[in-house]
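A.B. asks: My structure is below; once you've seen it, I'll send some questions.
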Amino acid sequence: MGKIVDIVIPDLGPDKDVDLIDIMVSVGDRVEEEDGLITLETEKASMDVPTTQAGIIKEILVKVGDKVNSGDLIAKVEVEDDNNVAATAPKEEPKQEAPKATSKPAPTTVDASGAGEVKGQVLVIGAGPGGYSAAFRCADLGLQTVLVERHDTLGGVCLNVGCIPSKALLHVAKVIEEAEHISHAGIKFAKPEIDLKGVADYKSGVVKRLTDGLSGMARMRNITVIQGTASFIDEHSVIVNHTKEDKKTVVKFDNCIIAAGSQSSKMPFIPHEDPRIWDSTNALEVKEVPKKMLIMGGGIIGLEMGTVYQKLGSQVDVVIRGPQVMTGTDKDIVKVYTKANEQRFNFMFKTQTQAIIPKEEGIYVEFKGDNAPEPKTYDVVLVAMGRSPNGLKIGLENTNVEVDDKGFISVDNQMRTKVPHIFAIGDIVGGPMLAHKAVHEGHVAAEVIAGHKAYFEPKQIPGIAYTFPEIATAGLSEIEAKEAGINYEVASFPWSASGRAIASDVSGAGLTKLIFDKDTDQLIGGAIVGDNAGELLGEISLALEMDCDAEDIALTIHAHPTLHESVGMAAEIFHGSITDMPNAKAVKKK
């Protein structure tokens, strides 16, 4: 009899409680190394999890519908002999070991010979939105601040290769879409001529304008900016290896804020080395418009970039393991989006990739599942598999900062680590990997260092998918309210009843949804799907932070005609005072 080996979920980066939507094997099946075992779907991506061993499936320890995390046991596989186990056992994921949050790597020796020296009251590592906001706030509070950033410009992933350039490209796509759409109102434009270099230059110009502005604000605040990568020597100093120069600088500090961010996750069963396998950074370069494009997964990043390339001329397929896009978003919201995009994308629900093989003529992809098509060849496959924190890359083993085996740093509600004068913010501390969350965390850390009583205790963190139409959410979803056992009620106002939506020709794909606690009438969550939904979310976010109830929102006078008044209308539906639609709570005449 061979040896029984445990197969576990690989590192999923920041994703937690991931939905298991398919099991591809049965007990007794023979599998080869890298054969798919299960399919997971997160909010941003879907993925097959392969076996790391060849052998016989002896036991399956999960089921469809489970929520799983990195390191969870999937199955037991009988392999032929011990030698085979030794040759193929995964190195990153020890079997059934406890998380390594408390296991500390041995300190490393740092060579600081010949290094210059800089001293600051506060050192900030990383200049993304959270990092530069923390540094600027520290400086504004009178603290001598040093900011270390490895890239040429400030702004991090969001500004340079993330949220800002993608919005510039989505603006281009939106203009094309609106020019096409207005034809039925008597305005006709010729088919647009697309100058791809011009599109890329426009995107780069947007980024440069913002990064130049950040550099100017750093100079105005007398912040010392060092370009390089920082690694801790001890709890009061780091060594910076300069990016463009062959030199080192030791930075000594009284307090430190770690804002080192995250990096794109890559799965071993995808041939990322092939230039036709793109991640979001590749897609943002807009060097070419592929004729045929496959988006792997129904998450936000893939759908946003798919929208851009479809408007630029690509034929886009989207393969989705589950029954809907954007897992975790309420079905009624997703339904509006999906219906509006049936002509834009070829959605392949309950389908998964079985093989991805680079060939001379393109990327050959085989599918499996309920709606699996015949194999297809694509010019480009776009993979967006989430992100992993950088906590294991900055020398924290030379400190007593607690970092887990995935790279997340433990902090309290003042963003303080286990070392009282070292703080951490942003992607590296877990939670939603969103720029606006990191900014607020950065402000808290800076203010605490300056002696203020500040805490990061938000009642909501808004999220937006900048798709066509947009989806914007804040607070609890209906799914989360149900799971929490809350006695809730949903009030939804369809944009088909909105005068502004009809006049603007966006009434066919719009819905404003509010969720109230029936016992208190308090707002606990909201979602909007529709044109510019992200710009309408602010009132919902504020209402959640201020503990508003339905009456507070319904009795607030909203300007007419606006899309924004749909929030007030939804509150009126719950409140029972709606007059723009049939009122289910109206007093019945005898």
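Using N, Cα and C of the backbone, Cβ positions are placed for all residues, glycine too.
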A.B. asks: For the NAD(+) site that TrEMBL gives with Gly297, Gly298, Gly299, Ile300, Ile301, Gly302, Leu303, Glu304, which of Gly213, Gly216, Gly386, Gly391 also belongs there?
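C.D. replies: For the NAD(+) site that includes Gly297, Gly298, Gly299, Ile300, Ile301, Gly302, Leu303, Glu304, TrEMBL also lists Gly386.
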A.B. asks: Long-range neighbours only, meaning 6 or more apart in sequence with Cβ under 8 Å: which ones does Leu434 (FAD binding site) have?
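C.D. replies: Counting only residues 6 or more apart in sequence, the Cβ neighbours of Leu434 (FAD binding site) under 8 Å are Ile461, Gly463.
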A.B. asks: Cβ distance under 8 Å to Cys163 (disulfide bond), same chain, sequence separation 6 or more: which residues?
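C.D. replies: The answer is Ala435.
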A.B. asks: Checking the spread of the NAD(+) site as listed (Gly297, Gly298, Gly299, Ile300, Ile301, Gly302, Leu303, Glu304, Gly386): what is the longest Cα-Cα distance, in whole Å?
C.D. replies: 14
A.B. asks: Given the FAD binding site residues Lys167, Asp427, Met433, Leu434, Ala435, His436 in the record, what is the largest Cα to Cα distance, rounded to whole Å?
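C.D. replies: Binding-site diameter by Cα atoms for FAD: 20 Å.
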A.B. asks: Counting every protein chain present, what is the number of Cβ atoms, excluding its own, within 10 Å of the Cβ of Ile301 (NAD(+) binding site)?
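C.D. replies: 25, counting other Cβ atoms within 10 Å of Ile301 (NAD(+) binding site).
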A.B. asks: Please work out which residue of Gly297, Gly299, Gly386 has the most C-beta neighbours within 10 angstroms of its C-beta, and give that one of the binding-site residues.
C.D. replies: Gly297
